[in-house]
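These notes concern the structure reproduced below.
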Amino acid sequence: MPSPQSPARSSNAARDYTLFGATVLLWGTTWIALKLQLGTVAPQVSLVWRFLLAAPIMAVVARSFGAPLLFPLRTHLRFAGIGVLMFSTNFVLFYNAGAFVVSGLLSVIFSLAAVINIVLAVTVLREPLRPRVAFGALIGVAGAACLFGHEIAGTALGWKPATGLLLGVCGTFSFCLGNMLAARNQRDGIPVLSGAAWGMAYGALANAAVALVAGSRFAIDPHPAYVLSLLWLAIPGSVVTFWAYLVLLGRIGPDRAAYTAVLAPVLALVVSTLFEDYHWSPIAFLGIGLVVAGNVLVLARRQRRA
């Protein structure tokens, strides 16, 4: 039996940490890019352009790695499910939730994916419950709440915050259900790149349907800020990020991979400090400590005896 520090295990751990770090790094930078998308173009239309750009790029990458793109109808139904849940409904609900509650509260709501994925992995995928991972996820969510405590405290009670909270929770649940479909696809041997390419294509169609129902105009803002942020969201923010996240999902499980949803808002605050003059408070530093502690618990590997 190889030792805990064997080269094979060390290499696997290094790859997992790299995928985890890349997901957090890129996801954390998409928040400020999303702000630049808001304006004259309806959010659902911006999502159409984002995934219309991302899907063919992902398909080219898939073929360059030898991944197939032809699948039976039953598999396409799963791809469509991933597209609707992860690349459409999730985003549309969060965009609309932003009209009712502050962005900080939305970040905390999305961090609940770390907890929801644990529950779904146990109930849907029949994976064993890992108490250490569950405890780490709860600590991380508490840390995220501390980070955005000032914004949350300023949210008055009423139907608007309640509506935003409901939309955000539904958006997070949609994302997590998409995770379960993606994990099941990987269990069935479907390549990550193939599934992501088709999922994004179906996501673009779903967003277009939402835009048509809403009567949105299919326009593009020609200003550099919009175009550059769209390119960032489509390529690094979608092609690279979702490839890294979905590979990570298959390697370490949905429960541990979802902790990226806790860490990404932390990086978003760092970016906000540099570009938007965000000021750190003592309770925010406490939140950082809790998030880091939760991260250690979630990602720590159980040592095996030689």
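For all residues, glycine too, the Cβ spot is worked out from N, Cα and C.
Curation does not apply to TrEMBL; its annotations are automatic.
As given in TrEMBL:
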DOMAIN    22-148  domain 'EamA'
DOMAIN    163-299  domain 'EamA'
TRANSMEM  17-34  transmembrane segment
TRANSMEM  46-65  transmembrane segment
TRANSMEM  77-95  transmembrane segment
TRANSMEM  101-125  transmembrane segment
TRANSMEM  132-150  transmembrane segment
TRANSMEM  162-183  transmembrane segment
TRANSMEM  195-220  transmembrane segment
TRANSMEM  226-250  transmembrane segment
TRANSMEM  257-275  transmembrane segment
TRANSMEM  281-300  transmembrane segment
Proximity verdict for the transmembrane segment (226-250) and the transmembrane segment (17-34), three or more C-beta pairs under 8 Å: yes
Residues of the parent chain within Cβ reach of the transmembrane segment (162-183), under 8 Å, 6 or more residues beyond its termini: 78, 81-82, 84-87, 89-94, 96-101, 105-106, 109-110, 112-113, 116-117, 120-121, 124-125, 192, 195, 199, 246, 249-250, 253-254, 257-258
Residue numbers, six or more beyond the limits of the transmembrane segment (132-150), whose CB comes under 8 Å of its CB atoms: 102, 104-105, 107-108, 111-112, 114-115, 118, 255-256, 258-259, 262-263, 265-266, 269, 281, 283-284, 286-298, 300
Across the domain 'EamA' (22-148), average pLDDT on the 0 to 100 scale: 87
Among the ranges 17-34, 46-65, 77-95, 101-125, 257-275, the one whose Cβ pairs under 8 Å to the transmembrane segment (195-220) are most numerous: 77-95
Residues from the same chain, set at least six apart from the ends of the transmembrane segment (281-300), whose C-beta lies under 8 A from its own: 16-17, 20, 114, 132-133, 135-150, 252, 256, 259, 262-263, 266, 269
Number of helical, extended and coil residues in the domain 'EamA' (22-148), per DSSP: 100 helix, 0 strand, 27 coil
